[in-house]
Amino acid sequence: MKPSGDQHELYDLHRLDNMEVEEEERRQQDQSDAGPLLPPRSRDSSSMNAQSSGHHRHEHDVGSPKEDTDCDETEGETYGTPSNDSDRLSRRTLLKLDTILLPFLSLLFLLNSLDKSNIGNAETAGFTRDAGLDSAAINASMAWFFFFFVALQPVGAALGRRFGMHRYVPVCMSLWGLCTIGHCFVKSRAQLVGLRVLVACLESGFYPTSVAYLSMWYTRFEFGKRLGWFYGMGAVAGVAGGVLSWAVFRQFPGHGGDNDERGGDERGVKSWQVLFLIEGCLTMFVALLGFFWLPHSADSAWFLNTEERVWAEQRIREDNNGNGSRQQTDPSGDTDPSNGESSPAGHHGEEATHLHRSREDQHASFETDNDTDLESYQPLIRSSSPPSFPNSLGRRPATASIATATQDAGLTRLDVLSAILTPKIWWLLLCNILSAIPAAAFSVFLPMVIHQLSPRLSLTPAASNLLTAPPFAIGAVTLFAFTRWSDRSRTRLIPILWSLGLLLIGLTLTAMSPMDNYVLRYLSLCVLLSGSYIASPLTVAWIANNTPEPGKRAILLGINGWGNLAGVFSSLLFTPKDAETGYVRPFVATLVCVWASCAGFFGFRLFLISENKWRERLLSGWGADERIREEFDGDVEDRIIHDRLGRRVWKASGLQTFTEKLGMDGIRRGDEKMTFRYGL
């Protein structure tokens, strides 16, 4: 229902009052002889401003073309701060995050990947044979592992959000490190499956919790490259695991070295036991460091000084509110008059005619737009203090689910329900599962694939593991290059499609290469691995960039974690019986899956373009007050919205009534608002 005439009048009076106050503050600021503007506002002021604006994370184009060029050249990492002091503060803060926090998080993921895949390295040294297991035990244990790992991803993400990264992850890591050591004593299939299930349960919440945590320290177009470094540790783990296995198997003569294919005998410790022991102890040691290393928010970041803590919080707030990167604010929240922006007094009237931008930069990715239309997609509101709306329904404006932008804990029931009922996540999930099969398969089975790829070479366990390093290294380098390109171009789906093209080429070459041409098959695997690790992290980056609420974002990342179902399929595809044929059948099946994934991502991009255009047409028929109300309250009633086929089905099926009983109030939040525009 649209606001009544009285409500319009109340809002107009309130807006005029706000404009007069802001104009007076701006005049006082212009007359003051104070030093250069400082980027951080006070924490209390920031908290109120962020709560009232709903933590919207969206991108916009402001300022002159020169400003845009500067931002692109530096990838948005100077945050558009004109003051030398501000620039130094921003760079210093980012440098500390990049050299202290990011490397430690990456180390955690490296160890996580090692403990997930080390069973494949151990098998080349005779793990199942020495433990008295049949050859299919590895595949069975991995199938059970991925089943529980996938099923518990949203649960793990919710627990991680509930208790916080700084507590949840170190505890889980310590326990799964202990389980890794337990592999040394496996004597039956039941014991192996039980240990893998325990590891799966403990690891299930690690990735979504860590990614959600990482997204709270970096702005949207800093995030992709950092996520690439983080996720790239999965490929680096392949390199490290291969080299470590080679060193261990060589160090223990008669226990998996080059002169002994058996990987151990009846005397002494087995080489694969040493491998499990080293990796398990290393995981537990680093996990204990995590209790002291990981801050739960910027306020508790031990490696930042007071000024840097305030700025670390403030820059994420500005990015959440659409004010970061290109707009300078003073401590009071007023726009810096020197940057070419209109004064605060003119914001409400001027910018009520613009469409709210998403967190992605659409001037690069929304190719169907005319250049003359770009101006109409600037953010709706840049003022740090949004107006208060008279709400006939008695509802408060939608807010985020946490008190501070960098806090690692906080979850509401609405976050969970909204995430589960988001159709786009299920579309992405299917694409993610199909595209992730190669990465999931080769993280575990590559040593065995290389060992059996050309049987006439009779590769030793040590040599097989050492030869896994180059393909994984190429995969890591390619991932870093693609995520950097994604951040610079400010688009996610185009790099994903190109990476899948690389993957298709590699799969085709590997499947078609003759069995006796080992060099060609090995080079084909290198091409294959170069495209295997890109789609998943860029999908995560898209979700994080287009989900303003941190709580909902964490649950969506957990649901997206069901993409690890690819591990179940890979364990069923790459079976011991296919080793004699060079795994041709699994490669062909994987090729079909990747083709389907490529079509799905392409269709998803077309859908987003269509959705953005539909919202643009809808808002073109709204007045300024309706747009502003939608921006802050998300409850503007419009027949066009309710006449959409999806809405009619939703209501007719009874799901609307059911969700209302669960607490869904019908208010649109974050990306659900008609003023939000999805990034590509």
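In case you wondered, yes, glycine gets a Cβ from its N, Cα and C as well.
These figures come from a predicted structure and were not determined experimentally.
Annotation source TrEMBL lists compositional bias 'Basic and acidic residues' at 1-30 (among others).
For 59-68 (among others), the entry in TrEMBL reads compositional bias 'Basic and acidic residues'.
Sequence annotations record features per position, and here TrEMBL assigns compositional bias 'Polar residues' to 321-342.
The feature compositional bias 'Basic and acidic residues' is assigned by TrEMBL to 347-366 (among others).
The region 'Disordered' feature in TrEMBL is assigned to 1-88 (among others).
Residues or ranges marked as region 'Disordered' by TrEMBL: 315-397 (among others).
Residues or ranges marked as transmembrane segment by TrEMBL: 93-111 (among others).
Feature annotation from TrEMBL assigns transmembrane segment to 136-156 (among others).
The transmembrane segment feature in TrEMBL is assigned to 192-216 (among others).
Within the chain, the transmembrane segment (228-252) has long-range Cβ neighbours (under 8 A, six or more residues past its boundaries) at 102, 105-107, 109-111, 113-114, 117-118, 121-122, 124-125, 210-211, 214, 258, 263, 269, 271, 274-275, 278-279, 439, 442-443, 446-447, 461-463, 465-469, 471-473, 475-476, 479-480, 482-484, 486, 529, 533, 536-537, 540. According to TrEMBL, the feature transmembrane segment maps to 228-252 (among others).
Residues 101, 104, 107-108, 111, 114-115, 118, 121-123, 125-127, 130, 165-167, 169-171, 173-174, 176-184, 213, 244-245, 248, 251-252, 255-256, 263-264 of the same chain sit 6 or more residues outside the transmembrane segment (272-294) yet have a Cβ under 8 Å from a Cβ within it. For 272-294 (among others), the entry in TrEMBL reads transmembrane segment.
Here TrEMBL flags 425-450 (among others) as transmembrane segment.
Tertiary proximity for the transmembrane segment (462-482) is limited to same-chain residues at least six positions away from its ends with a CB under 8 Å from its CB atoms, namely 121, 124, 225, 228-229, 231-232, 235-239, 241-243, 245-246, 249-250, 256-258, 442, 446-448, 450-451, 495, 498-499, 502, 522, 525-526, 528-534, 537-538. According to TrEMBL, the feature transmembrane segment maps to 462-482 (among others).
Cβ atoms under 8 Å from those of the transmembrane segment (494-513) belong to residues 365, 435, 438, 478, 482-483, 485-486, 520-521, 523-532, 534-535, 538-539, 584, 587-588, 590-591, 594-595, 597-598, 601-602, 605, 680 of the same chain, restricted to positions at least 6 beyond its ends. Feature annotation from TrEMBL assigns transmembrane segment to 494-513 (among others).
Residues or ranges marked as transmembrane segment by TrEMBL: 519-543 (among others).
Taken from TrEMBL, the feature transmembrane segment covers 555-575 (among others).
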Could you check whether the transmembrane segment (136-156) and the transmembrane segment (93-111) come into contact, where contact means at least 3 Cβ pairs under 8 Å with the two residues of each pair 6 or more apart in sequence?
no
Spatial neighbours of the transmembrane segment (93-111) far in sequence, C-beta under 8 Å, 6+ residues away:
77, 169, 173, 177, 206-207, 210, 213-214, 217-218, 222, 226, 229-234, 236-237, 240, 279, 282-283, 286, 289-290, 293-295, 301, 303-304, 308, 311-312, 315
Between the transmembrane segment (555-575) and the transmembrane segment (192-216), do 3 or more CB pairs sit under 8 angstroms, pairs being 6 or more residues apart?
yes
Thinking of Cβ pairs under 8 Å, which stretch from 425-450, 555-575, 587-608 has the most of them with the transmembrane segment (519-543)?
425-450
Contact set, same chain, for the transmembrane segment (425-450): CB under 8 Å, 6 or more residues outside the stretch:
113, 116-117, 119-121, 123-124, 142, 146, 234, 237-238, 242, 245, 419, 459, 464-465, 467-468, 471-472, 496, 500, 503, 507, 522, 525, 528-529, 532-533, 535-536, 539, 542-543, 556, 559-560, 562-567, 569-571, 573-574, 579, 583, 586, 590, 593-594, 596-598, 600-601, 604, 607
